[in-house]
Structure formats: structure tokens, C-alpha cells
Amino acid sequence: MHCTLPTTRLPFITLPSRLPLYRSTHRLPLPGPPPTPAAPPSMSRTPSKRTAAELVATSRHNAVDEATDQSTLAQPLERLPKRGATVDVQVSSLAYGTGLGVARLPSSAGESLVLFVRRAIPGERVRVRVVSRRRNFAEAVVVERLEPSSPFAVAPRCRHFLEGCGGCTFQNLLYAKQLEEKESQVRAIYQGLFQRLSAGDARAATAAALEQVRFEPIVGATELSEVYGYRNKMEFTFGPRRWIPANTVREESPSDHGDHQPEAPAPTDFALGLHAPRRYDKVLAIEDCALQGDVANEILRFVERRCRQRVACLPPYDNAAHTGFLRNLVIRSAVNAAGERELMVNVVTSPPDGPHEDEALRQLADEVWEAFAESGRGLVCVLQNITTTKSGVAVGEREVRLKGSRSALEQALRPLRWVAPAYLRNMPPERLQQHTVLYRISANSFFQPNPVQSEKLLARILEATGLLETASSNRQTFVVDLFCGTGSISLCVAAFAARVLGLELSESAVADARANAERNRIVNAEFAVANLDHETLWKAVQTASISQAVDVLVVDPPRAGMNPRQVRAIVEAPAAVRPRRIVYVSCNPATQVRDLEMMLAGDSPYRLRSVAPVDQFPHTPHMEAVAMLEIRDDKGAGNASA
């Protein structure tokens with residue numbers, strides 16, 4: 001059910017042009033001296049690090065558990081509300097993974113109900129209507145926002161947020177509070193891991209080992225320009241059914257750019273934008289997306305107007321009837337080695353019904369090229385991807401270059417600029433300046449949507465590998481990168497390792513990784529296709545003709561996590577091939593913790609040393625986490641000295 005939000009604007013809080021890196025402040029000291037840190041103090045990014053033991057003692061931010069603990073959020077009710085009932089609640093936090101507001105309703109009978117409220121933020125009182133009900137939790141939508149407003153509320157920059165656009169989850173929440181909530185969620189997930197590991201027979205030993213775990217503060221955006229306009233790729237959908245929200249907002253706002261002019265209401269049989277929440281048959285028309293750059297928004301409006309004028313020749317695709325021509329508009333951007341911004345326009349279509357559709361599309365490409373390439377706006381190509389599938393995936397089986405001399409962008413990343421200075425003490429300044437990795441981004445290739453935060457993520461990965469701390473002649477020389485994709489991590493660490501092997505299931509991704517290695521003149525990185533669901537890591541390494549023991553193992557699996565078979569293969573590996581260090585990168589900390597529990601349970605040869613969360617996507621519930629495991633001293637490793 002669609003949530004109708006009031007049109008009343010939230011109080012605006014002015015943010016500085018530079019945002020301080022968020023640091024945690026809620027810390028309860030444990031009695032006695034502080035535990036010994038897992039790394040020398042010089043490696044600490046901040047003077048305060050919370051250990052796993054402190055997390056177990058103080059963390060109370062798991063969504064349902066936290067709501068259950070906070071009995072002062074509401075007066076007890078005689079009976080808990082059923083579906084369709086309206087009730088006033090106080091929102092205390094955000095739920096992991098969904099970004100829904102969390103509130104608790106106690107009853108006089110001693111029962112309680114946890115409410116997950118769509119589009120609600122911590123600190124606000126809201127009147128909600130229950131739309132679904134389970135035994136001890138329910139989901140609700142906001143009917144009215146009550147006074148006083150949340151101290152963390154800000155005015156959303158994007159006009160479409162109040163219309164129910166699903167591109168952002170909590171654009172109305174102060175960014176510093178977003179970071180605090182995300183860090184609390186990661187800590188809560190790891191708290192559960194620590195508690196489960198401490199409940200076994202070796203409880204004292206496990207608890208002692210966990211004392212050495214460093215939990216890094218979350219790394220978020222530090223510039224206001226990184227909080228908005230950070231996405232280098234947006235996929236918009238063409239559709240014949242336009243979603244018109246009850247509270248349509250179309251007045252002028254500071255987010256208007258370029259050639260935007262107020263127009264008459266658009267017809268309801270054509271739309272270019274994003275799918276309405278929970279309504280994949282309708283499209284919410286988007287005029288200006290705050291997550292992409294100004295020129296990209298100008299392109300979006302330009303294409304929408306031209307296509308609407310030619311709707312007879314360029315009909316939008318109907319995903320119910322599977323008819324029509326225009327499917328998606330994909331706008332990608334990148335910053336090349338010279339610091340220049342490049343843009344790509346990719347129109348995904350069905351096969352044309354006749355020459356009139358081809359001719360109309362080429363006319364559109366000519367107009368886009370004249371407006372954004374010949375005028376020096378950074379456009380380098382206009383592409384057409386043709387697909388025959390019925391799915392909504394914006395990927396074509398055949399590609400046509402309509403305009404431009406090339407069909408890919410160049411993205412330059414410089415992760416060393418975000419590495420803590422303590423890790424770079426022994427590195428020559430010229431090497432710091434030279435460490436730039438170039439990536440070729442084609443229409444259908446995967447690349448992290450937030451380049452600046454990707455640099456910060458790669459910096460955390462580099463720190464976790466230990467490669468910056470040792471000379472290349474040491475034993476920490478052979479790195480294996482599982483789920484390497486197009487080689488973003490492999491190519492970044494190659495400058496600090498003697499040899500890197502990237503393993504990936506996708507043949508096209510491996511081809512892109514090899515091309516990226518050649519582009520950067522990296523000769524010590526190899527890439528191979530490996531189906532890790534059917535063969536073990538060690539067999540894949542042997543297949544690649546590598547007899548060398550693995551020093552550092554980097555794993556960056558999809559959201560579903562690792563196959564349990566692979567986890568067991570890593571933990572149960574013979575000492576001769578056992579990696580000395582494991583760096584687990586994840587876009588889903590919940591599945592990351594599930595896999596780490598298998599790696600650390602029982603008489604595991606590994607111990608968890610650090611966890612570093614990174615906010616890749618402001619205004620959404622998504623985040624990354626980098627966990628580092630090291631071999632225990634009594635378990636040995638493949639290249640360990642006697």
C-alpha cells in the first residue's frame with residue numbers, strides 16, 4: 001500500500017560545506033585498565049576505539065531488542081492495535097536493511113508490539129495506520145506527523161521525496177544521524193556474533209580474543225557535495241502509466257538546474273522516471289534527482305521532453321503487455337585521470353518494429369549530442385542497448401553506438417589519499433602521487449556507484465591487508481581476490497604485492513579485469529574464471545597454475561554472502577596453504593557476520609581483529625563493512641616463518 005505523506009515541509013537545517021567525519025560519542029567505559037589494542041597506537045585513526053567486549057556490554061541497538069528495552073516510548077495500551085487501526089507512536093531508531101522507523105507499543109497485559117513505520121525517522125512522534133500485523137511486530141504508514149518535530153529532521157532536497165520516490169529512504173534525516181544509526185546497526189549485528197561465540201565451551205578464551213577486536217568509526221561523506229549528487233549511474237524507466245501521487249509537489253525549489261521551465265501537467269500515458277514504491281506497473285516522473293549531478297539532470301529533462309514529443313514514434317515499453325520500444329534511460333558519469341567529467345547516455349530499447357523507430361531514436365541521439373557534447377558538457381557517447389527479454393533489467397543483448405568515437409568511460413581512483421597517515425610513513429611521496437588506478441566503464445559493466453566513497457572503502461581494504469606496513473620482499477606477497485568482479489580491489493592492491501590472483505564467475509567481468517590491468521600496465525595481477533559454487537578455493541588456485549601459498553585472502557561476495565562450502569574450505573585448509581590474513585568485504589553485514597561465525601567458531605585457526613563500516617550510499621539503509629581476520633599464533637600459516 002502506498003504511503004501518502006503530508007505536504008508540510010520539514011524545518012530546514014543548514015549544513016556546512018564541509019561535514020566533519022562522524023565519530024561515535026556514546027561510550028561506556030569498562031572497569032579496570034583498557035584492553036590492549038590489536039594494532040600499535042600509531043595505526044589508530046582516532047584516539048578512541050571500542051573493543052568487542054565493550055560492544056557486548058553496552059550495545060542495545062538491535063531493532064526489535066532495542067524497542068523492547070525502551071518501555072518509556074508509549075503508555076501501555078489496553079489492547080494492541082490490529083490491522084487498520086490508528087495509533088500515535090514515538091520513533092526511536094531505524095531498522096537494519098530497510099530503513100523503516102522503529103517504535104514500540106506496550107500493553108497493560110504485559111505484551112508488546114514493535115512497529116516498523118515507513119518514512120519515519122528517529123526522534124519524531126507520528127500518527128500511524130497499521131497496514132500489516134504479525135504476532136509481535138507490525139508495519140505501519142504515517143498518517144500525520146505530530147509536534148514537536150524530530151531534532152534530526154531536515155528538509156529533503158529532492159521534491160520527489162515527498163511524493164514517495166523510492167530512490168532515497170530517509171532524505172529527511174540529518175546525515176550525521178544517518179551515520180550514527182548505520183554504525184549502531186553494524187555494532188548490533190556484531191554484538192550478536194560476539195555473544196554467540198562467547199557462549200560456547202571456550203567462553204573465557206573467546207572473550208579474551210574478542211578483547212583485541214577494533215571497531216572503527218563509520219566512514220561517511222566529508223563534503224556536502226558528497227552527500228548529494230554522488231551517484232555515477234542512474235537507471236530511469238520509460239512507462240505508459242504515470243504514477244500521480246496525491247500530494248504532487250511541483251513548485252520551484254533550489255534543486256532546479258539548467259533549462260528547467262515549468263510546463264503544463266504531463267499526460268498520464270507517458271512517464272520517464274523511477275518505479276513508484278511497490279508499483280512496478282507505474283512510473284513516478286522524475287524531473288530532478290538529487291542523487292546525480294546537475295548535467296545528468298539536464299540530460300534527463302531534455303530526453304523526457306523530446307521523447308514525449310515523439311511518443312507516436314517512440315512509444316514507452318509496457319511491462320504488463322510487453323509492447324512498446326523505449327525501456328530505460330541510463331546515465332553514467334566518471335572522472336578521468338585529467339580530472340575531467342565524462343558522461344554516457346544509454347537508451348535501452350526493445351527491437352524496433354520498423355524504420356520509423358530507428359529514425360526517431362537517431363534524431364534523438366543527434367539532438368542530445370548537439371546539446372551536451374558539442375557544447376562541451378562532457379558527453380562522450382550516446383548508445384543504444386537492444387534487449388528481447390521481458391524482465392526490467394536495463395541490459396541489452398546487442399549494443400549500437402549512435403554518437404561518439406568511443407563506447408566507454410574512464411574512471412580514475414586514488415584510494416591512498418584516504419589512507420590513515422600512519423600507514424604511509426615509509427612510502428615515498430612520488431609513489432603516493434603515482435598510485436592512480438584507471439577503470440574502463442562500459443554501458444553494462446559493474447562499477448561502484450559512489451566513486452569517492454569507493455576510494456575510502458579501498459583505503460580501508462588496503463589498511464586491512466597489511467600490505468602497506470611491510471616491504472614487498474616480505475612473506476605478505478601473494479594475494480587472492482575472491483569474487484573479484486572487474487578487478488577494482490585486485491588492481492588497487494597489486495602495487496603493494498608481488499602477485500595477485502583474481503577469481504570470478506563472470507567471464508565478461510574477468511575480460512574487463514584483464515583489460516583494466518593492461519590499461520594500467522599492471523603485470524603482476526592475473527584473473528581467472530572460477531565457479532566457486534562447484535569447486536573449492538584451493539582447487540581454483542591450483543587450476544590457475546599457482547603453487548604458491550596464499551598470504552592474504554580478500555573476499556567480496558554478493559549480498560547473499562559466501563557458500564558454506566567455501567567457508568569450510570578456508571577454515572579447514574592445511575597449514576601449508578592457510579592464508580595468514582583474511583579481509584572480508586561485504587555490502588550486507590548480516591550475511592558477513594553469518595559467514596564469520598563459521599570462520600571463528602570452535603577451534604578456529606583465525607581470530608577477528610577489526611571491523612570498519614563504510615557508508616557508500618547516503619540517504620539509503622545500505623552500507624559496507626570490512627572485517628579483518630588473522631591467523632592465530634599457535635595455528636601457523638603457509639608462509640609463516642618457524
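Just so it is clear, glycine is given a Cβ too, placed from its N, Cα and C backbone atoms.
According to TrEMBL, the feature compositional bias 'Pro residues' maps to 30-40.
Positions annotated as domain 'TRAM' by TrEMBL: 80-144.
If you look up TrEMBL, you'll see GLN448, PHE483, GLU504, ASP556 marked as S-adenosyl-L-methionine binding site. The Cβ of GLU504 (S-adenosyl-L-methionine binding site) lies under 8 Å from the Cβ of PHE483, CYS484, GLY485, VAL510, ALA513, PHE527, ALA528, VAL529, ALA530, each on the same chain and at least six residues away in sequence.
Using a 10 Å radius centred on the Cβ of CYS587 (active site, nucleophile) and all shown protein chains, the other Cβ atoms total 19. The active site, nucleophile feature in TrEMBL is assigned to CYS587.
The Cβ of ASP556 (S-adenosyl-L-methionine binding site) lies under 8 Å from the Cβ of ASP481, LEU482, PHE483, CYS484, GLY485, ILE489, VAL585, SER586, each on the same chain and at least six residues away in sequence. Counting only same-chain residues six or more apart in sequence, the Cβ atoms lying under 8 angstroms from the Cβ of GLN448 (S-adenosyl-L-methionine binding site) belong to SER454, LEU457, SER488, GLN616.
Using a 10 Å Cβ-Cβ cutoff, PHE483 (S-adenosyl-L-methionine binding site) registers 20 neighbours. According to DSSP, the domain 'TRAM' (80-144) comprises 0 helix, 38 strand, 27 coil. DSSP classifies GLU504 (S-adenosyl-L-methionine binding site) as strand under the three-state reduction.
Excluding GLN448, PHE483, GLU504, ASP556 themselves, the residues of that chain whose CB lies within 8 A of the CB mean position for the S-adenosyl-L-methionine site are, in sequence, ASP481, CYS484, GLY485, THR486, SER488, ILE489, PRO557, VAL585. Secondary structure at ASP556 (S-adenosyl-L-methionine binding site), as computed by DSSP, is coil. Model confidence over the domain 'TRAM' (80-144) is summarised by a mean pLDDT of 90.
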